[in-house]
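Notes follow once the structure below has been shown.
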Amino acid sequence: MLILHSFLILFFTSLIRSDPCPQVCICDNIKTFVTCANKNLTEIPANIPQYTQKLILQKNEFKVIPSGAFFPTPYLTHLNLQNCSIETIEEGAFRNLARLRYLNLGSNRINIIHQESFDGLSSLENLILEKNRIEEIKAGAFSQLGALNFLNLEDNFLVYLPDMVFQGLLQLKWMRLSKNMISIVSTETFAVLPNLKRLNLDHNELQYLPTEALTRLSSLTRLELGWNPMTFILEEALQMASLKQLFLNNMALQDVSYKAFEKSKQLSFIDMSNNQIRTIQPLSGMEQLKSLNLTGNSIICDCFLRQFKEWADVLRLKVDLICFGPSHFLGDHLDSLRAIDLKCGNFPEEVYKLPIVTEKPDVENLCPQSCDCKTNVKHAICDNKSLQKIPKGFNEDTTLIDLRRNSFHSVPKGAFLNMKNVASLHLQNCEINEIQPGAFMGMRNLLYLYLSHNKISSLNPNVFEGATKIGYLFLDHNKFTHIPKETFRSLPNLFSLHMQNNTITSLSNNNIAMARKLHWLYVTGNQIDYIAPTAFRNVRDLEKLYLDQNMLSEVPTQALKGMNKLIELRLSKNPIKNIGNGAFVPVSKSIQHLYLNDMRLQQISNGAFLGLGKNIKSLYLENNNLQNLPNMKMFNGLEVINLANNPFNCDCRLLHLHRWISGLNLKVGATCATPKNLRGQKVRNAKFVLCPGWEGNKNRNKRKIPAISTSKTKAKKYKQ
Ligand SMILES: *[C@@H]1O[C@H](CO)[C@@H](O)[C@H](O)[C@H]1NC(C)=O
Ligand SMILES: *[C@@H]1O[C@H](CO)[C@@H](O)[C@H](O)[C@H]1NC(C)=O
Ligand SMILES: *[C@@H]1O[C@H](CO)[C@@H](O)[C@H](O)[C@H]1NC(C)=O
Ligand SMILES: *[C@@H]1O[C@H](CO)[C@@H](O)[C@H](O)[C@H]1NC(C)=O
Ligand SMILES: *[C@@H]1O[C@H](CO)[C@@H](O)[C@H](O)[C@H]1NC(C)=O
């Protein structure tokens, strides 16, 4: 038996040997594994050995995979064509590959999948099409892939998923459609996927849950829908009998019907973190629910939450929820409170007491023509309707109006006069260049106002008259060159101000100081080169300050004075070359996350981090020009640190960093650039020596760090 066996091996080996390895490729001994990667080939090599099983062709320049390209290699099980500049897959390109199990076509330029592109791949289990430009998948394109388990279409240009596109994928278990631009899912898109267990639809453009389409997925257990611009979830919006895990995080959810998941009885985990939910009722029909994530919402822990809390206690549900109010519970975890402590009364915040959704008969249902009104959740949707004037005639109890993508140019005075129940108004992408004083008059409960992607360059101080509850104001991507003066005086409750991607050049004396309750300020992506020392005077509650992608040439230490609650400071991508002593002292007690990456930073003084220490959880210093760093020992609470892409000089003076990193249990990314013999080595692993006379120098480290130097502070005057 043994003899026969050896004989057979000998026989086959000699048979295979008769096929030479192509010159540009590398083959293993028996030529079943062939790699021709990274060769700038424009055609698939002609003489790949016939018995090849694994063929690696990544990083070439094929552009086209012609019909029958792999006819000579019918034994392939594994084929990698990543990064080959492929634009076209001709019909029948993979014919004759009935044994292929793995096909990687990622990072190419494919924009259409033809009907017969994948013909013949009857054993294929993994198909990777991520990072292409796929806009269209022809009907029947996957119909021959009856063995496919995993399909990855992430990061393409899909907008619309027509009926039956995935027809034939009878064994498919996991499909990734993340990071496309999907806004429409047809009702039969997911028909006949009887084995699909997991679906990723996150990072798309879905505004509503495609209820009917999802209902077809009878075996799905995990559904990821995060990062889609949905604002509400209606009752019975999800009817998925097997679903266990549901991700609805980082959307714009404001309302979730208590009956939303009633028909998805197996749900055990729901993630609704980072939305805009203000109160929530017990979710009906959820006997299996174990964990509900509601962090990053603005939920008020008052009497309206009591019923929810009681329900959660009975179910022994793990709820992640940090109270956003009332003020005596601000920041408290719901776990730490008892149901009976959730009360209403002592505080005048009636804005939060939204009527709990009850099924009272609607007496009259007003809805402007060209809008779509969801009366049960009191939302009016008039998105992208070519409107030129703000419509009138909304029901008075409407709580959300969506007017995105119209062309109003101007918002006139009194445009929303009777809309006293609206909490959220969407006016993004409306070509608005003028907002008249009193435009939002009457909107007594407006909390979220979205005005991003318009052409606004200034705001009259009286623009927000009568809408004093506004807490979240979005003005990103407009034409502001400065922070509007006096405007925030009329917004005493402003909590979060978004002015990213404008062309603001400086933050002057008083304009922000008016917004005394401001907690989060986002001015990323402007041209700010000066911040007045008093710019934030009185803004004592600021927690997040995003100053990244601006033109600052130094850390605005003076302006940070008095910010005792600042948690996160972003200065990335500013042309700051040096950080001087005591730069962060004013915020050193509170700050936890510090972003100093991508700044062309050359030097950090020995006392630059004075006062900082175990509070710091993340520190970003990557992509700078740092050759050395001051002592980092005091950072002993870090969870993230990034030092990558700095030209560290690994001589004896960097020994302290090497020692510090060696004691850290974190990925750091620091590598040596000099001296030459250490270039490219990790600071963690490089061999360091003590500096000559080190023992004698030791005391130097103990010397007091110089006090805060203010002499360098720019004396530039701000021109009003
Ligand atoms: C491939 O082409 C690029 C640019 O045309 C060149 O820089 C590179 O050296 C080439 N690689 C090989 C392996 O020929
Ligand atoms: C493909 O190219 C991308 C971008 O050029 C690169 O990030 C990726 O690592 C490459 N992948 C492979 C397998 O070569
Ligand atoms: C809840 O969501 C937050 C924010 O997304 C996340 O940091 C946290 O880990 C989540 N908790 C659970 C239990 O999933
Ligand atoms: C807006 O509507 C037009 C037709 O009315 C349509 O062609 C376009 O795709 C829509 N845009 C978006 C972003 O939905
Ligand atoms: C700002 O502009 C950048 C680049 O165009 C974009 O990636 C980012 O999403 C924009 N941010 C906002 C808030 O509009």
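For all residues, glycine too, the Cβ spot is worked out from N, Cα and C.
Residues of the same chain lying 6 or more positions beyond the ends of the domain 'LRRNT' (20-54) and with a Cβ under 8 Å from any Cβ of it are 13, 60-63, 65, 69-70, 72-80. Residues or ranges marked as domain 'LRRNT' in TrEMBL: 20-54 (among others).
The domain 'LRRCT' annotation in TrEMBL covers 297-345 (among others). Each residue in the domain 'LRRCT' (297-345) gets a DSSP state, and the totals come to 22 helix, 7 strand, 20 coil.
Within its own chain, the domain 'LRRNT' (366-400) is flanked in space by residues 207, 231-232, 234-235, 254-255, 257, 354-355, 357, 359, 406-409, 411-412, 415-416, 418-426, which lie at least six positions past its ends and keep a Cβ under 8 Å from the stretch. Marked as domain 'LRRNT' by TrEMBL: 366-400 (among others).
Residues annotated as domain 'LRRCT' in TrEMBL: 646-692 (among others).
Here TrEMBL flags 701-720 as region 'Disordered'.
Residues annotated as signal peptide in TrEMBL: 1-18.
DSSP states for the domain 'LRRCT' (646-692), grouped as helix (H, G, I), strand (E, B) and coil, give 14 helix, 7 strand, 26 coil.
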